[in-house]
Amino acid sequence: MKEESKIVTSKFKHTPVLVNQVLEAIAKLPSELLIKGKLIDATIGGGGHSALILKGFPSLHITGLDQDPSAIDAASKQLLHFGSRAEIISSNFADFVPQEEVAFVLADLGVSSPQIDEAKRGFSFRLNGPLDMRMNPKKGLKADELLEKTEEKALADLIYKYGEEKFSRRIARRIKQDLSANGPYEGTSALAYAIAGCYPPKMRNGRIHPATRTFQALRIAINNELDALQHLLQKAPNWLLPGGVFAVISFHSLEDRLVKKSFLTDERLERITRKPIQADSNEKLNNPRSRSAKLRLAKKRNPNE
C-alpha cells in the first residue's frame, strides 16, 4: 500500500516517516480488529500519519494526543474533513487513559521537523532563537533556566546520560563559566558556539554538528522524554485488544534501547519483527529525518492462549 506522504498545514510542513511500513502493519491486523476500528496516535504532531491512516482505512477512528498547542492546532485543521473519525486531545501520552481498548497504538517519538524549523521554539542550533526547548511552551523549565539552576557536575552528568556526549564535562564547565562571567546566553546560536569551542579544532566541522548531542540532552531532560516513554511502554499494552499492535518510531539509541528491551521482556507483548524497520534509500533521500528512524512492532498476546 503506497501513499503520498507529504502533509502541509498552515503552520506545519511535515513529511511523516515510515508511512508505508505503518500502513502495512495496520493492513495486517485481524479483520475483526479493523472492523472495531479504533486507533491511538500517541504523538499526533501535525496529523501526518493519522491523515494517511484515515484515508487508507475508512473503517478506522483515531484518537490523537499531543502536548504541543501548535501541533494540536495543525492536526485539528489537517483532520477536520474526517469529521468524527478523528478526535484530538491535548495530553502527554504518559498521562492519557483511554476509554476503551483499541486495535493499534502508534508513537512517533522525538521532536518534529516543524518544531525544529521554528526558531522561537529554541530546539535548533542552526536557527537562532530563545533557549526554550519545551514541547509544551506553557509548562516546565526553559533551557536557559535549566542551565542556570543545574550545578556543573549534574549538568555534565545530564549531557552525558541523555546525549552520550564524551566531552560533557568540558561542555558543562564552559557553560557554567560563561553564565558566571556574562549572564544568560543570548540564544541558541551563542550556546551552540560555546559548545563547539569545547571540541578539538579538527572535530568541529564534521558531519554531525558539535552541539547536536548537548541539545538533544537538554531537550530530553526539559521534557522528561525518557520517563514519559517508560510510562507509555508500561501502559500502552493495556490499551490494546488481544492481537492489536503497538508501533513505536524512535530516532536515537536511548529511545530505541528502551523500546527494544520492553518489547523483548514484556510478557503481554510478542515481537512482530526482531530487528527494527528502517527507511529505504529512496525515503532517506527525500526525507532526511527518516535516516535515523527505527520502527519496532509488537503484538498484544491473547491471555487465553
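Positions of Cβ are set from backbone N, Cα and C atoms, glycine also.
Copied over from Swiss-Prot:
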BINDING   Gly47, Gly48, His49, Asp66, Phe93, Asp108, Gln115  S-adenosyl-L-methionine binding site
REGION    279-305  region 'Disordered'
COMPBIAS  291-305  compositional bias 'Basic residues'
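Of the listed binding-site residues Gly47, Gly48, the Cβ environment within 10 Å is emptiest of other Cβ atoms at Gly48. A simple Cβ count within 10 Å picks out one of the binding-site residues Asp66, Gln115 as the most packed, and that one is Asp66. With Gly47, Gly48, His49, Asp66, Phe93, Asp108, Gln115 listed as the residues that bind S-adenosyl-L-methionine, the site has a largest C-alpha separation of 18 Å.
Other C-beta atoms found within 10 angstroms of the C-beta of Phe93 (S-adenosyl-L-methionine binding site) number 23, with every protein chain shown included. According to DSSP, the region 'Disordered' (279-305) comprises 11 helix, 7 strand, 9 coil. According to its DSSP assignment, Asp108 (S-adenosyl-L-methionine binding site) is in a strand. In the structure as shown, the Cβ atom of Asp108 (S-adenosyl-L-methionine binding site) sits within 10 Å of 23 other Cβ atoms. Packing around His49 (S-adenosyl-L-methionine binding site) is summarised by its Cβ count: 28 other Cβ atoms lie within 10 angstroms of its Cβ, all protein chains included.
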